[in-house]
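Undergrad: So that we are looking at the same thing, I have put the structure below in structure tokens.
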Amino acid sequence: MVPMLWLTAYMAVAVLTAILLNVVYQLFFRLWNRTEPPMVFHWVPYLGSTISYGIDPYKFFFACREKYGDIFTFILLGQKTTVYLGVQGNEFILNGKLKDVNAEEVYSPLTTPVFGSDVVYDCPNSKLMEQKKFIKYGLTQSALESHVPLIEKEVLDYLRDSPNFQGSSGRVDISAAMAEITIFTAARALQGQEVRSKLTAEFADLYHDLDKGFTPINFMLPWAPLPHNKKRDAAHARMRSIYVDIITQRRLDGEKDSQKSDMIWNLMNCTYKNGQQVPDKEIAHMMITLLMAGQHSSSSISAWIMLRLASQPKVLEELYQEQLANLGPAGPDGSLPPLQYKDLDKLPFHQHVIRETLRIHSSIHSIMRKVKSPLPVPGTPYMIPPGRVLLASPGVTALSDEHFPNAGCWDPHRWENQATKEQENDKVVDYGYGAVSKGTSSPYLPFGAGRHRCIGEKFAYVNLGVILATIVRHLRLFNVDGKKGVPETDYSSLFSGPMKPSIIGWEKRSKNTSK
């Protein structure tokens, strides 16, 4: 008993000593070190500000910004992480040179077990740029035009067949429903009918298990034998085998005319600059990446859109009236005609709703890079040392009143007078997968910027636009049980989204579109 008491006492003294030394170090660090950004004060070494950051990143960022300014450093699970907020911070980090900053070292431990080896962050950046160029095949203008009827059909089939929407009215967990809809639309549009037909209950379970690999703990312990990691690895192996089987069978049979326009066929015929044909394993891994990338942000944002419309039914009716006015009735029953790509340009308020939701509810709150060489911060005395992690948060500028008055208010009408395009004088650069705008001069960067800017931005707008327009013309949405507003944000995953379950009410419209 006595030894145990002594051990407890020693441990308590050790902890208190560590805390005291940590506080003393921070005080002297501020006095002596003028070449590094200020350190966010914290009591517990190693843990640092991890908890407050993890609970609500934006609340943490804004509180630190008020106290320390746009540039500060905090401890994230023992790692010194320097945050640089604002438009200049976005430019500094997201457009950093390859020799200075590196994304692969930050994200590879998390993404490689999910996406697979030799793709995305598990390969040299030059190879990733080639892979992005291959993938852009499915994101051309003609491809996007062909996606519209496919996406619309998937949404209509879901509204007709899903148990969530049987009868004339009911309730639905809209986060779960939009996750299902967006995996169907992403698979059908980006991957083809052959892959879409394999989205059975088994495939959905595999996707779910694979998605669990993006839990924050996997930044630190990606290969730990935890239950969710075992399921992740099994799901990846099974999903890869599904794609490899498709590829193998196609090589035996030869491509059919109906397949010659899909992504798998495209990748099967791609060759790297060094003359190597893309291996089947890498094709499978790129297809897994494409499916998850095409679904993740669309799932979260589409759920937020529906939740916002349910909380403000008047906005939903504005959208409906826009379709009636600009697309016009067609058949004898007054039903609206099937959507076409050109129709999306006739629905500006639909685009405003999407943009405003992306502004407030971006699914990625932090973008990180690893510093590779001493990095001076222009206009400051600061020098960021190698090994430090840099963190940009474009969502902070999007939520700042200086750029968007009353920024915390969801108001799609603000975009009627708000410039939506990047500044005309913004530089255009080719990182190896086609010319893109650097983009960082804008306070609105829902798809990132620089060499790692999302290449699926146009597809995302098309996908979200068609999903939104289709649901608006078929359903009314509303909050239930007297609830006001929308749910809180769940930051427990790498991709934030609404707290689950997110229950709203729905009611089917009359076949006559005037009712």
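Note that Cβ sites are derived from N, Cα and C of the backbone, with glycine treated the same way.
Note that the structure is predicted; figures quoted are calculated from it, not measured.
Checked Swiss-Prot, it gives:
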{"type": "TRANSMEM", "residues": "7-29", "note": "transmembrane segment"}
{"type": "CARBOHYD", "residues": "ASN33", "note": "N-linked glycosylation site"}
{"type": "CARBOHYD", "residues": "ASN269", "note": "N-linked glycosylation site"}
{"type": "BINDING", "residues": "CYS454", "note": "heme binding site"}
{"type": "CARBOHYD", "residues": "ASN512", "note": "N-linked glycosylation site"}
Undergrad: Reduced to three states, what secondary structure does DSSP give ASN269 (N-linked glycosylation site)?
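TA: DSSP call for ASN269 (N-linked glycosylation site): coil, neither helix nor strand.
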Undergrad: Taking 10 A as the limit, how many CB atoms besides its own sit near the CB of ASN33 (N-linked glycosylation site)?
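TA: A 10 Å sphere around the Cβ of ASN33 (N-linked glycosylation site) contains 12 other Cβ atoms.
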Undergrad: Over all shown protein chains, what is the count of other CB atoms within 10 A of the CB belonging to ASN269 (N-linked glycosylation site)?
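TA: For ASN269 (N-linked glycosylation site), the count of other Cβ atoms within 10 Å is 13.
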Undergrad: Within 10 Å of the Cβ of the residue listed as 'heme binding site', how many other Cβ atoms are there?
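TA: The residue listed as 'heme binding site': 17 neighbouring Cβ atoms within 10 Å.
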Undergrad: Express the distance between the Cα positions of ASN269 (N-linked glycosylation site) and the residue listed as 'heme binding site' as a whole number of Å.
TA: 23
Undergrad: Rounded to a whole number, how many Å is the Cα of ASN33 (N-linked glycosylation site) away from the Cα of CYS454 (heme binding site)?
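TA: Cα to Cα, ASN33 (N-linked glycosylation site) and CYS454 (heme binding site) are separated by 37 Å.
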